[in-house]
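Heads up, the thing below is written out as structure tokens.
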Amino acid sequence: MKSIALRRYPFTSCRPPASPQVLDFLAPSTLRQPSCRGFKTTSVTPFWGKSQDSSQQTTTPAPKPKYVLSQKQREFLDSALRVNQAGELAATLIYTAQTPQVVRSHPHLRPLMKHMYDQEAGHLSTFNQMVAKHRVRPTAMYPVWEVAATFLGWSTAAMGREAAMACTEAVETEIGSHYNDQVREILSWQAEAESRGEELDDELKNMLTTFRRIRDEELEHLDHAVENDAKEARPYDPLVNVIRFGCKAAIKISEKV
Ligand SMILES: [Fe+2]
Ligand SMILES: [Fe+2]
């Protein structure tokens, strides 16, 4: 038993260097990996100092190897972050354009409109940070989405409170299901990692938690919209269908462009 422990210890604390591909997406956490030079000072010294009676030794479990993303998976995350940033930009602009008109005729909706806007602003800030951190290219359609989202917000609010709420219902239906697809995809990577005895990088675990939280907040907006008579908008079906079609098209375009 002793010879096994002597052989294993340096290898488990000295991992092979990460490939440039890994550094590209997960640079911050990968760069914090301990180097091979570090094991002499912290890990090995207590080991030699302990009793040679193996029954008295306490062993800490070796950390699981990290799951390494494939090129296709990194491209998926690039697209996801690009789309999410564009979507959150659009959401803030829709509420910015809707709020003055909605609140003027329905002052009791001011706290709700502010609450939803504040959450969208928080989402946008989160994705702005992620896009910068992981060096993802923002969509080239950014200026087009700015104009389109402002027009969508202004025109639906001009149609009335119900149409403004129907707009939120339509947008959140598409965005909520889009976040759900992203969560499901990362969970499939997690399952694959566990089947190999590996674990996701902390950065990816945090991303999964963030996507879940934001998805839940978007679905909460959808509920608020329905509670506030989104279904009473006239004409409901054409309006919602057109907005949902526009959202799907914007998502597809932003994934690539
Ligand atoms: Fe959002
Ligand atoms: Fe939302």
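Using N, Cα and C of the backbone, Cβ positions are placed for all residues, glycine too.
Taken verbatim from TrEMBL:
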- GLU88, GLU120, HIS123, GLU218: Fe cation 1 binding site (BINDING)
- GLU120, GLU172, GLU218, HIS221: Fe cation 2 binding site (BINDING)
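Locations of recorded TrEMBL features on the structure.
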residue : record                   : Cβ neighbours (10 Å)
GLU88   : Fe cation 1 binding site : 23
GLU120  : Fe cation 1 binding site : 24
HIS123  : Fe cation 1 binding site : 24
GLU172  : Fe cation 2 binding site : 26
GLU218  : Fe cation 1 binding site : 27
HIS221  : Fe cation 2 binding site : 23
So which binding-site residues out of HIS123, GLU172, HIS221 are up against ligand 1, CB under 6 A?
HIS123
Show, in sequence order, which residues other than GLU88, GLU120, HIS123, GLU218 on the same chain lie with their Cβ within 8 Å of the centre of the Cβ atoms of the Fe cation 1 site.
GLY87, ALA91, THR92, GLN119, GLY122, LEU124, ILE175, ILE214, GLU217
Quick check for the class: what is the C-alpha distance, in angstrom and rounded, between GLU88 (Fe cation 1 binding site) and HIS221 (Fe cation 2 binding site)?
13
Between the Cα atoms of HIS123 (Fe cation 1 binding site) and HIS221 (Fe cation 2 binding site), find the distance and write it as a whole number of Å.
13
For ligand 2, list the binding-site residues among GLU88, HIS123, GLU218, HIS221 whose CB atom is within a distance below 6 Å of it, in sequence order.
GLU218, HIS221
Determine, to the nearest whole angstrom, how far the Cα atom of GLU120 (Fe cation 1 binding site) is from the Cα atom of HIS221 (Fe cation 2 binding site).
10
